[in-house]
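Swiss-Prot annotations:
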- 8-282: domain 'tr-type G' (DOMAIN)
- 17-24, 81-85, 135-138: GTP binding site (BINDING)
Amino acid sequence: MARDFPLERVRNIGIAAHIDAGKTTTTERILFYSGVVHKIGEVHDGAAVTDWMAQERERGITITAAAISTSWQDHRINIIDTPGHVDFTIEVERSMRVLDGVIAVFCAVGGVQPQSETVWRQADRYSVPRMVFVNKMDRTGADFLKVNQQIKDRLKANAFPIQLPIGAEGDLSGIIDLVSNKAYLYKNDLGTDIEEAPIPDEMKDEALEWRSKLMESVAENDEELIEIFLDKGELTEDQLKKGIREGVLKHGLVPVLCGSAFKNKGVQLVLDAVVDYLPAPIDVKPIQGVLPNGKEDVRPSDDNAPFSALAFKVMSDPYGKLTFVRMYSGVLSKGSYVMNSTKDAKERISRLVILKADEREEVDELRAGDLGAVLGLKNTTTGDTLCNTDDPIVLETLFIPEPVISVAVEPKTKGDMEKLSKALQALSEEDPTFRVSTDQETNQTVIAGMGELHLEILVDRMLREFKVEANIGAPQVSYRETIRSSSKGEGKYARQTGGKGQYGHVVIEMEPAEVGKGFEFVNKIVGGTVPKEYIGPASNGMKETCESGVLAGYPLIDVKVTLVDGSFHDVDSSEMAFKIAGSMAFKDGVKKCNPVLLEPMMKVEVESPDDFLGSVIGDLSSRRGQVEGQSVDDGLSKVQAKVPLAEMFGYATQLRSMTQGRGIFSMEFANYEEVPRNVAEAIISKNQGNS
């Protein structure tokens, strides 16, 4: 089957931003103007196409990354609309991993918000080229050039306007395109009647000034263009487009556009810019992976290369399990068998679909560069690689942050017990930041996630989708433990009970691992002192012991264990004996490695009238907060601080009373840090008292 669109005419893009910048509305307009939907859906009416879960439509926020295909100017555009709420940061993370380009949407009034910085960092982590759409130009207080400057200052990006608004706030009537040097005037409310016109006289000087700056900025990044610019003093429209595209692909330039998606102004020009400036799959670096022999290899974006794809999202719905994949190379056909190289398991591809939000179009194959979904995969979870059985490779996976908050959950009736475990299994398969565990002391089921809203939505889904009635406990902070020094540990398990005994013996070296590594295991056994078949069980025993640390029973993270020695018995040794010996050695070593308690630190930004600045800072300091920055602009103060999550419960109520209801704040996870000794002692003694 031939391709619908050649690879150079495919764009895999994400639309990302902070809450309320208007991402979903922008996506809706893109779908309307490109012909996917024939009626405009509004977020506040609960009718947006990409907000397809019941909770999204009720709350007017996007929770999951919905993938949609559309076309514009003979190009296939695959769009992922990502959530702006920090509790759903994994959705942004997983979409950034599989995209080739991003439209970052900013509010023309609010400008750069804390969540914008998070999204920008995530795009940086995966080196995703991007462009900016400054939305909501129709709102009171909209200031296009001020937002452009904020992007330069706060995000350290070489942002450059390639458009200017004609009028602002209620008088937004059109847009000047600095590249084509033309004005586009909107003649009807639907944004379908657009007049191409000369630039209005009163804006000619401003447009000329910005166009000259744009030509200079573009020429600086390209030797060929700088010669033309120095020789002729200007660049043609085609030369400008070529230069902007090169700048975007090399991460040297971020073009900034403007408009109002809600008022139907500027969206078609955004689509034009996606086609003109954002990369095709063949414009970005080939995906890297590791071969079975441990060597690195790359897979080019080519239908003729061996098949490889990354599963970036798993979803359960009434029709079964849906696994979203990004095709990196080769062709995936319906009915074929493939290899999950991450889990070393064979999978059958029963059906393939391309999605238009909650509508599906069945296809016979997916090709390099496509975003699609597979039905019928049994063992594949988020971050797994799918590939040819003859050409195995494991692709780079996703960065998955540690959860920061947990609650106990128990079924209301015995009949709900089985339904609860099925629901929790399905939800944790979908969302790697959602963890399920059992509290050893109370035997309660504990669920952990990225924030209160995250857990609230998941509990809501249990009720709606799985019909589980459950009681939920009060939120608890997800502490962690780690080690600060190195040591040796030894575990010898020897039991003689009548006939056959049990014998396992291991010696390990323990040291702190890099942050984010979790549990790292290295085997340095030589001469067969521990046979190969017992190394896995010994490692598993240590890994399981990590789940409950030595200080207060919290999971132990960022620990490197090297197996250096041991002994075995020809008759009495078994996998179970070595698993127990591994656990004993781990416990022995940890106690000597200066274990410490870690707590989640949150990046908090508070906005309030500047009269309350002193009270806000004083209150944050009393919560063990470290103020990292503050500014006052137009009578509004902004304070950035890092505060332990444990101190932030009930903060919204306190802030309201402190600022007479005029203060707002945003909060997102920053990192784990060591708990001060006096606070740690109280937490440890409380936990030991409960055990």
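Just so it is clear, glycine is given a Cβ too, placed from its N, Cα and C backbone atoms.
Keep in mind the model is a prediction, meaning the values are calculated, not measured.
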Surrounding CB atoms that lie within 10 Å of the CB of Met137 (GTP binding site), all protein chains: 27
Number of Cβ atoms other than its own within 10 Å, given for Asp20 (GTP binding site): 17
Three-class DSSP secondary structure - Lys23 (GTP binding site): helix
Helix, strand or coil at Met137 (GTP binding site) [DSSP, three-state]: coil
